[in-house]
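Visitor: Can you keep this structure in mind? I'll have questions shortly.
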Number of protein chains: 2
Amino acid sequence: MTRKIRLGAFLPGSGQHIAAWRHPDQPADGATSLAFHADLAREAERGLFDAYFLADGLAVAFGGGTEGGNAKVAGFEPVTLFSALAPLTSNIGFIATASTTYEEPYNTARKFASLDLISGGRAGWNVVTTATEAAAQNFNLDRQLPNADRYKRAVEHVEVVKKLWDSFEDDVFIRDKETGVFYDTSRVHHTDHAGEHFKVRGPLNVSRSPQGHPVIVQAGQSEDGRGLAAATAEVIFTAHQRLDTAQEFYRDIKARARGLGRDPGHILIMPGVSPFVGRTEAEAQKKYDRLTSLILEEDGIALIRGLTGGSLDLTGHDLDGPLPELEPTEGNQSRQALIRQIADENGFTIRQLYQWVASARGHFTVVGTPVQIAYTLQEWFENEGADGFNILPPWLPTGLTDFVDLVIPELQRRGLFRTEYEGRTLRENLGLPYPINRHAAARAAVQAAE
Amino acid sequence: MTRKIRLGAFLPGSGQHIAAWRHPDQPADGATSLAFHADLAREAERGLFDAYFLADGLAVAFGGGTEGGNAKVAGFEPVTLFSALAPLTSNIGFIATASTTYEEPYNTARKFASLDLISGGRAGWNVVTTATEAAAQNFNLDRQLPNADRYKRAVEHVEVVKKLWDSFEDDVFIRDKETGVFYDTSRVHHTDHAGEHFKVRGPLNVSRSPQGHPVIVQAGQSEDGRGLAAATAEVIFTAHQRLDTAQEFYRDIKARARGLGRDPGHILIMPGVSPFVGRTEAEAQKKYDRLTSLILEEDGIALIRGLTGGSLDLTGHDLDGPLPELEPTEGNQSRQALIRQIADENGFTIRQLYQWVASARGHFTVVGTPVQIAYTLQEWFENEGADGFNILPPWLPTGLTDFVDLVIPELQRRGLFRTEYEGRTLRENLGLPYPINRHAAARAAVQAAE
């Protein structure tokens, strides 16, 4: 089978871009509307996306603009939301974020196994350690645990969850009404995990689900994050603005995986891409300009202030003039220097600067025709930059519809993307293997040795 | 408005009765079938039930029969399951069980607020402290915490969750695309809770949901349980076999609530009822006999053994003969004496004894015609025994369908039950008040004083 591009869709109901909710197409109450999320799921499924992805935090995300202008202040809890969307769709996968720091593995294992049962095998878990002080303060702490401690806990948390998902072997249920034998007691297993952070006897009280294990997803960029991802992730979300840095990351992760004895083909690397699609270049640029024009001036200023740790406050300056010379402050000097460099290199006014920052913030923004965008994706896909992409439509639903109607057919025409779903489960569609139950494997090994 | 009977439906996909899964009508794989649970939800909604209820434990419920015959060994996690059922229904409420001992209040508050958003205001939380060693061993402990400690934590957990549900006031969202004001910053509140068990800054990152607070449900029978229920519950599940004990409980709870300054009409007491309904008495009895005949002999013996703490093992005895004289053992003497008393008083054979135990186990079993059953419910409802009932159909779906087709019309004919849903939310249907947001109330009090 030829290698195909994998596509995820980041579809927060509020839209991705800071000003998305002010766009005429975007329902202003999208963040808390089930109906809108259901429309998005069906639209992404029409585009044959592999998965619908939702990020998650365990605190209100204040900041990143003025407080009162933040449409991401409240939303759904993603696992419950995806459980609701599952019966309304039939093929698209659902990748929900959940924290290894502020949840217990027994609860994590249950909710993802349950989502996998509900969706007929379409669940994925985006493993995060939740790195904010605000979240720590919602869970009995004053300050969050050091990064290294959170990662050690994450490694063990994932290990326990996977053990719990193996509590029941695939062929455990007999359900013979005549004899009264419901299950084979020799195929249900205690977990008996006792580690540094967790002690879990098991078994899980949710049965093994259609995928065996929901797909494990991660987004680590740091050294600890790369290590965890190479060891356990099956899909990696990443953020790169340029092919060369994407290639460095791609090759590093695949090499680490190979070093750990894993098949590098079973770790799919998917950078984020924020597309503005037009039938012509001018139309695409107009869409970009339209959305960026909706950034409130005070939100733009607050964004620069936030990114520089409060050291660069441009209040009162002419937004259509150049970045002024300012006295160095006690604040975050390197971030301030970076912002200044971006402005100087591009000859940006203050307004152009915050528009660029608001739009690009970690994501690779592409503005162009379907052919131009498909060409860029193909270039990354064919040159060790990506196995697929996470599409972040800047506003919704039009940003998604544009991609489905215009870019998907162009990718299909080039033979780079599916024309129908290959399988029933997320794992099957992504081309990932079914995890053999560890207890069945151990028994098979013993039998082979005898 | 005349007082009406409230009805909940306990509908585990495995069926309620120990042998339900062996009944020809019951899908053997019901416990892990979304489609079957969806059928049950729609059927209960056809019967105009107030709510679909699911119990929950945080460990596999081994015991209560032979292990391999246990159809309750694995199921769904209830909040994810109800999230999936919500878009497939429109009026019925969803009361899910969740533990105050093994979850954190921020996570509890989020998932129930999210279910309430998803269902348009139909969520309820059955608050439990999870009293099993097996659960403790899935959460880093060797033995569970003492009862009193679990209850103290429960009281504070519920308090924190309610505070979190008040993070956003009702009229917080402005969403004015023109001005860019998404919300009123003065109507979002930190929680700033610091107590013995929890320290939670807030605010919650899920918005206030249609019910303000999902309905709080409890099932305490002990002194601690009654105290917690009288202080915080809006619905109380309880188990009584006789009207006089039901009345004692009812009057005690209502008196406690009155003593705490609560309106006793805002605490609905709902005993469990397991109905076998026939068009004639003989037909009802035949249904009872049919189901009890499906209890495997070894399951019946294991049930008696389990209930007596292992002290009464009847293996090898004639099941259709009387309970033998046995040497007293070191086991649980009082339980053994109770079992013997039941057998003696009723003149039961061993088989009749375990059939009675299997069926009645805590629930009030009624076997009869629709008129007989409606009369019993009416008697309890009109004499301070109950505000409503939790119906536990012994097997599914027929046990539920019988009740919907035969008993509901009889209750309606007597003017005791609704003929259509009164409201959109669970709270409205139950006749429970909308909780005023504490921050709005505090501001109103200040304004009134000025």
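Even glycines carry a Cβ here, placed using N, Cα and C.
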Visitor: Can you match one of B:Ser222, B:Ser274, B:Ser293, B:Ser311 to the FMN site that TrEMBL gives for B:Asp56, B:Thr97, B:Tyr151?
Guide: B:Ser222
Visitor: Which ones in the same chain are close to B:Tyr151 (FMN binding site), with CB under 8 Å and 6+ residues apart in sequence?
Guide: B:Thr129, B:Asp224, B:Gly225, B:Gly227, B:Leu228
Visitor: With every protein chain in view, what's the tally of Cβ atoms within 10 Å of the Cβ of B:Asp56 (FMN binding site), excluding that atom itself?
Guide: 20
Visitor: Highest CB neighbour count within 10 A among the binding-site residues B:Thr97, B:Ser222?
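Guide: By the 10 Å Cβ neighbour count, B:Thr97 comes out on top.
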Visitor: Restricting attention to the domain 'Luciferase-like' (B:20-387), give the mean pLDDT.
Guide: 93
